[in-house]
Amino acid sequence: MAFWTACLGKIRRDHAIEGEAQKLLQHRKVVQQSTHSALAKLLSEVQVLKQDLREVFAVYVNFATELENQSRLLLEQVSQTSYTLQGHHGNDVQILKAQMEALEHTLQEEKERSKTERERRKILHNTLVELRGNIRVHCRVRPVLPFDVGQGSTLALGPSTTEEVVQAVNDDTVVVNCARMGNPGLNKMFEFERVHGPEDSQDAVFEEVKPLLTSLLDGYNVCIMAYGQTGSGKTHTMIGSQTEDPTGPPREAQQGIIPKATTELFRLIAEKPPDSHLVEVSVVEVYNNEVLDLLAKDEDGVCIGDKRDVITTSTGTSEVPSLSYVLVRSAADVMQLISSVLRLRARCPTLVHRDSSRSHLIVTLTVSSKSPNALALARRLQSVKKDMQRKAQKEWWSPRCHRANPMARQSGDEHSISSSSSPYHSPSLSPCPSPRASISQASFRTKLQLVDLAGSECVGMSGVTGAALWETSCINRSLSALSDVLGALAEQRPHVPYRNSKLTHLLQDAIGGDAKLLVMLCVSPTQRYFTESLQSLGFGMRARQVQKYIPRRKNTALKLK
Ligand SMILES: Nc1ncnc2c1ncn2[C@@H]1O[C@H](COP(=O)(O)OP(=O)(O)OP(=O)(O)O)[C@@H](O)[C@H]1O
């Protein structure tokens with residue numbers, strides 16, 4: 001029984017397993033069928049895709065070929081067009097070139113015509129200046145320098161303050177660009193006899209001044225005066241720039257008007273008969289409205305700078321009694337003398353300029369000439385009556401001849417004139433006229449005054465205090481006195497206030513007398529000094545309006561007698 005039960009159980013289990021196997025087989029069949037059908041579907045889709053791809057490729061190939069053909073066509077057209085265009089353009093360029101050349105030619109012609117016109121106008125103007133006795137005004141615009149951008153200064157400067165607003169537009173015009181000062185489009189133009197730009201050398205500046213030296217020997221008094229704001233280049237223009245050795249003379253290329261004028265004067269004298277000219281030098285500074293004789297020496301022969309007065313003589317000219325004069329025989333003598341006394345000149349650093357001169361410096365070269373004409377006249381004059389001689393002596397001799405020169409008495413001074421060893425008696429040194437001296441009476445004296453004025457300045461900008469503030473106010477007052485004198489002369493007022501300051505009193509003869517006066521305006525170019533530059537240019541314009549006495553030759557009076 002147990003056996004049968006076991007067999008029955010086994011049969012049941014086998015049957016169940018068989019049933020399971022049947023089910024699995026059935027499922028496998030189903031899966032196989034669905035896989036086949038999916039595969040068939042996929043294959044058909046692949047076929048479709050393949051067909052599509054073939055078609056797309058065919059389209060692409062067609063398109064590429066077409067594109068290539070079209071590009072080739074276009075390229076041909078472009079090269080054809082560019083070839084055509086080149087031909088046309090070339091013609092246009094040729095035409096334009098020809099037009100430009102023609103324009104350039106016309107421009108060149110116009111330039112030359114305008115240059116000739118300007119020169120003609122300048123000659124006419126100069127003749128007019130000469131005839132009317134006007135003051136000549138030259139202007140020099142200096143280059144922008146490191147201290148303009150605030151180096152070495154406590155002032156912090158913005159870029160606008162260092163912008164160049166003053167420009168020399170040609171050789172007689174300066175333009176100040178006022179646009180930045182709230183006046184859009186307003187430029188101020190100033191015309192002078194000669195304008196120098198920043199690129200102009202010391203030589204170029206002197207070339208324009210040189211003819212005055214010939215005038216000096218022709219018998220005219222001459223004064224050259226540098227005016228301008230502090231740091232604008234007055235000392236550079238008049239004396240020159242310092243070498244490494246500040247006590248030494250300036251290098252030749254950097255030499256200013258004083259050394260160059262002195263050299264030129266002695267060159268001109270060398271062309272004259274020997275011993276026909278004597279040159280004496282005096283050096284004066286006007287400091288805090290005091291006149292100081294920089295050649296005055298103490299007992300040890302050291303220059304000390306003594307105070308002097310300015311007086312008006314009976315003939316109405318200004319004189320400095322007891323002023324020291326030193327006889328010089330060469331330009332080197334003059335420069336050595338000037339260099340030796342320059343250390344006495346008042347200087348003070350300001351915020352604008354480290355080596356600012358605080359005084360007006362006046363170097364005077366007095367030339368005594370004995371021309372052959374004058375000699376002949378003197379011989380003839382010896383025979384005229386005594387009273388005529390006395391009258392003539394009064395006119396020919398200035399009060400300087402009646403005083404003894406202190407320098408002449410100083411022993412051991414190689415520059416001092418000794419009347420006995422002198423080739424002829426210098427009028428300034430002869431104690432009084434004698435019959436023997438009548439020949440020397442025929443000589444005439446002319447003065448060359450070379451003036452380096454102290455700089456006009458704004459107290460706020462220079463940042464000075466205390467004693468330096470007093471110096472500044474004295475400088476500004478003396479310069480405004482100078483301006484007042486020019487104003488009075490320009491307006492031909494009956495009273496000219498020469499005596500309002502020592503400076504104007506001292507320079508009275510040069511400003512209002514019959515001297516040939518040249519004002520050298522020095523101007524800084526940057527926006528920082530805009531107001532001061534306008535003021536200086538205005539001063540120059542005022543000076544130009546002055547009609548002085550027509551410059552008179554010093555020997556004409558003799559010839560007429
Ligand atoms: N044209 C120029 N070219 C080159 N350097 C210049 C020129 N003008 C002036 N300078 C330089 O600028 C500085 C100031 O010039 P300078 O001493 O002549 O001024 P200034 O007008 O005499 O001043 P101040 O009135 O304060 O004495 C100097 O170092 C000088 O060498």
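Cβ atoms are placed via backbone N, Cα and C, with glycine included.
Annotated in TrEMBL:
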type: COILED; residues: 93-120; note: coiled coil
type: DOMAIN; residues: 134-546; note: domain 'Kinesin motor'
type: BINDING; residues: G228, Q229, T230, G231, S232, G233, K234, T235; note: ATP binding site
type: COMPBIAS; residues: 234-245; note: compositional bias 'Polar residues'
type: REGION; residues: 234-253; note: region 'Disordered'
type: REGION; residues: 404-437; note: region 'Disordered'
type: COMPBIAS; residues: 417-437; note: compositional bias 'Low complexity'
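What TrEMBL annotates, mapped onto the structure for a quick look.
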residue : record           : Cβ contacts under 8 Å, 6 or more apart
G228    : ATP binding site : K234, L453, G455, S456, L521, C522, V523, S524, S536
S232    : ATP binding site : R142, G455, C522, V523, S524, Y529, E532, S533, S536
G233    : ATP binding site : R140, R142, C522, S524
T235    : ATP binding site : A226, G256, S357, D452
Inset, instruction - Please average pLDDT over the coiled coil (93-120) for the predicted structure. - result: 84
Legend entry - Neighbouring C-beta atoms (10 Å sphere around the C-beta of T230 (ATP binding site)): 24
